[in-house]
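Sequence annotations record features per position, and here TrEMBL assigns signal peptide to B:1-22. Feature annotation from TrEMBL assigns region 'Disordered' to B:28-47. For B:185-203, B:248-268, B:274-292, B:304-328, B:334-358, B:365-385, the entry in TrEMBL reads transmembrane segment.
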Amino acid sequence: MFNLFLVDFSVIKPDPGLLFWTTIFFLLVWIILGKVAFKPISKALTKRENDIQDSIDEAKLVQAQMAQLKEDNQRLLAEAREESTRIVAEAEAFAKKRRDDAVNEAKEAAQKVSENAQREIANMRDSAMADLKKEVGAMALDIAEKVIRKDLKSDATQKALVSELVNNLN
Amino acid sequence: MKLALRALFLLVLCFGLTTLNAQHDTDDHGHASELTEQDSGAHGSEAAYDPVGTVMHHIADANEFHILGHYSIPLPVILYAPEHGFKFGLSSMFDHGHEAVDGYVLNHGRVNRVADPSFPSGHVHLSGEHPIHEDVVTVDGKKKDVAYLMHDGKKYMLDKPSTLDGGVLGGGITSFYDFSITKNVFTMLLATILLFIIFSIVARGYKKNEGKAPSGLQSFMEPIFVFIRDEVSRPMIGEKHYERFQPFVMALFFFILFCNLLGLIPFFPGSSNVTGNLGVTMALAVIVFIVTNLNGKKDYWEHIFWMPGVPVFVKPVLAVVEILGLFIKPFSLMIRLFANISAGHIIILSLIGLVFVFGENGTNVGGAATGAFVGGLFTAFMNLIELLVAFLQAFIFSMLAASYIGAAVEEHDHHDESHAVDHHHGGAHAEAVAHH
């Protein structure tokens, strides 16, 4: 029935020679190429895929780290800014206090100095007054002595002098 | 851009080859029809172009590589006759059928043997223009093709090489075996050498370019390799075992692919119908059968002999079906590849044959031109389809082989009904894909 066309449809008849050679060649390809090519290629591909995946993962990790770092930096920067503002404010306050203190001290000192001066002036005035009084007294005594020595030669003049002196004292 | 260029190159190549194919076959058929004329002249009947015979002759294996007209490349012959031992030589020693060597002659490119012990051994020149004749005789009510040669006025019957079909397909064990490097074996050898060259370059590329992007041939083969790994071995065999069978699946795919592609080249060193020969696909299917069953796990055999998850009275029935399936699966692999590739070759040769059918055997030049035009266009189209089929059949063969292996190495954690249904659904899916 397979000679239906009256020709030899030979491809459907398995030839032992072909069977033999096909087996040989296929086994050669399978065993040798499998060892020297298919397996190493497969391994290299798997390795490369893993490498790529690792690289992507690492890049993502680094990216996350970078984002974290940036955030940290920003926070630090904000903190630093705040700190600097605080420091400046503190310094200003301190400076102001110092200035006020200085001013106050100066004022106090000035006041003290002026008070001292006033007191001294007063003392000096008092002493001057006392000296003056003493001096004037002495002078008056001198004068009086002189006057007295001159005028007290008579009683009338003594009396006039006394009254005049008394008047002058008032 | 590069891909587009490659596609364009392939397209141009296809058309170019088709033209060459037409030319080659024109010459060839000119020769063939001349033969037929002379042959039939001896028989005293009408001369005619025999399209079916020509096609069958072209898809058949041969002991010499026919180039053009009377020129052939001789191939080594290794012949074994059980009672005479081995005989080695080159097919050129038969002088295209005009010389018998130790009883072996060349009949239409194939070595035949004179079984009759009275035929002289050594080199015997056969007289006459065409000493070998073919005839159809009826034996036991069956029509049978027989060949004979005339020598010294005596008729000697010729034996064809033994085939392993047990006589079912018209062949059978005869007086000798042909282990020659035939046209098909030569092409397979070429495919093997090409594979070795290409893949040693590619493998070297992976060593040289480690940690770098692939380049050249390596980047051309890589997508195919990755495709087979990701679409065939990994899903079919499973993540756990696929690496072990990766070389096998790759070897299947690339061996079949290269044989298919070489078969599409219409002139030397291609044109042989390698994977369209049942012997070749049978060898591959048997290897798949052996690999599958050697790696069968306990679960695999349990599913065959005592299917879990079904009622007891169904189990023996399923066992019979599964045992049949064990053989039908590789058998289907064998037939599918053989039929697809043979059919492709037959269609292309038939379309080329239109030139001679329309040309009415050289008497009608206008008809021949029409046939060449129409046949050429259709052949160009068919060649493109065959290019697709070459890839597709290699893919399907390796995918189904991988799915059989996958079923053999699969481990079931639990045997519930839904799992069994799932399993069979997966198998059916693979089969459905294969038949597209």
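Note that Cβ sites are derived from N, Cα and C of the backbone, with glycine treated the same way.
Please treat TrEMBL annotations as automatic predictions, because they have not gone through curation.
I'm curious about the neighbourhood of these features; can you describe it?
Long-range contacts of the transmembrane segment (B:248-268) within its own chain (CB-CB distance under 8 A, at least 6 residues past either end) are made by residues 17-18, 20-21, 24-25, 65, 67, 73, 187-188, 190-192, 194-195, 199, 225, 228-229, 232-233, 237, 274-276, 280, 284, 288, 291, 337, 341, 345, 383, 386-387, 389-391, 393-395, 397-398, 401-402, 405.
Using a Cβ-Cβ cut-off under 8 Å and counting only residues 6 or more beyond its ends in the same chain, the transmembrane segment (B:274-292) has close neighbours at 59, 61, 164, 184, 187-188, 191, 245, 248, 252, 255-256, 259-260, 262-263, 326-327, 329-331, 333-335, 337-338, 340-345, 393, 397, 401, 404-405, 408.
Counting only same-chain residues 6+ beyond the ends of the transmembrane segment (B:334-358), those with a CB under 8 A from a CB of the stretch are 21-22, 25-26, 29, 33, 49, 51, 54-55, 58-59, 256, 260, 263, 273-278, 280-282, 284-285, 364, 367-368, 370-372, 374-375, 378-379, 382-383, 385-386, 389-390, 393, 396-397, 434.
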